[in-house]
């Protein structure tokens, strides 16, 4: 049981209201009882920062959709461009909702929607990086990359990723509609599972690609690389590794903050790891 879920005596004894009592007086959907990464946004600094990100994601969305349509006209269906457009779209929604939340900080419904879009978008980047990882292995080691176990592994992992994000989103929404300590504890367990899973998934391309490169380097009977897309294989590998490092850094940060002791939302002192700066850097 978290400190935020314990009796009102503790909250009052520490000089701040009990979050469960505050939530009950507010009514459904209840305001959060625990502090979270990014805090409740405010006009300054969140609106200017979100406006900059909104502009960047709008430009990126237009670029990816333009590239997708260009390739479609040439008879090439590059799904990754569509996925990147989807990611940009979820980020456009998330930043727009966070701006609205900044203007109406007491609107729990807007806050819920903003959190859901932040959760939903990031998995598209995980999937894209896994897809590129599979392509690299197939290009360097066709006998492994096109084998049945390896071919089945990615769809199974995608099923787990998508199923987990659905559970996470449902859990986030449900947490605003219940004051049951047992239910909130179960939701927290789901969040711990989900964020830990995504930290592992984000890290997976690194050992797989490095093992693929090392295996090809030490293989004296290696065949020529099956090229795909444009650009050198070295550039593709570097892109996968850099993307994986940044994705895993964000995933590990989100997971680590969940494993730390929860802090009551009514506590005026916010830990540095929940700060808005950390939110924008790692999310």
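Heads up, the Cβ atoms here are built off N, Cα and C, so glycines get one too.
Note that the structure is predicted; figures quoted are calculated from it, not measured.
Per TrEMBL, region 'Disordered' is recorded for 1-39.
Residues 81-82, 84-85, 88-89, 91-92, 95-96, 98-99, 102-103, 276, 280 of the same chain sit 6 or more residues outside the transmembrane segment (43-66) yet have a Cβ under 8 Å from a Cβ within it. Taken from TrEMBL, the feature transmembrane segment applies to 43-66 (among others).
Under the heading transmembrane segment, TrEMBL lists 78-100 (among others). Below 8 angstroms of C-beta separation, residues 41, 46-47, 50-51, 53-54, 57-58, 60-61, 64-65, 67-68, 71, 107, 110, 113-114, 117-118, 120-122, 124-125, 127-128, 131-132 of the same chain, each at least six residues beyond the ends of the transmembrane segment (78-100), sit close to that stretch.
Tertiary proximity for the transmembrane segment (112-132) is limited to same-chain residues at least six positions away from its ends with a CB under 8 Å from its CB atoms, namely 29, 79-80, 83-84, 86-87, 89-91, 93-94, 97-98, 100-101, 154, 157-158, 161-162, 165, 168-169, 172-173, 176, 198, 201-202, 204-205, 236, 239-240, 243-244, 247, 250-251, 283. Residues or ranges marked as transmembrane segment by TrEMBL: 112-132 (among others).
Long-range contacts of the transmembrane segment (152-177) within its own chain (CB-CB distance under 8 A, at least 6 residues past either end) are made by residues 28-32, 108, 112, 115-116, 119-120, 123, 126-127, 130-131, 134, 183-184, 187, 190-191, 193-194, 197-198, 201. Annotated transmembrane segment per TrEMBL: 152-177 (among others), in sequence order.
Sequence-remote contacts of a segment are chain residues at least 6 beyond its ends whose Cβ falls under 8 Å from one of its Cβ atoms, and for the transmembrane segment (197-216) they are 122-123, 126, 129-130, 132-133, 136-137, 140-141, 157, 160-161, 164, 222, 237, 240-241, 243-245, 247-248, 250-252, 254-255. Residues or ranges marked as transmembrane segment in TrEMBL: 197-216 (among others).
Sequence annotations record features per position, and here TrEMBL assigns transmembrane segment to 237-256 (among others).
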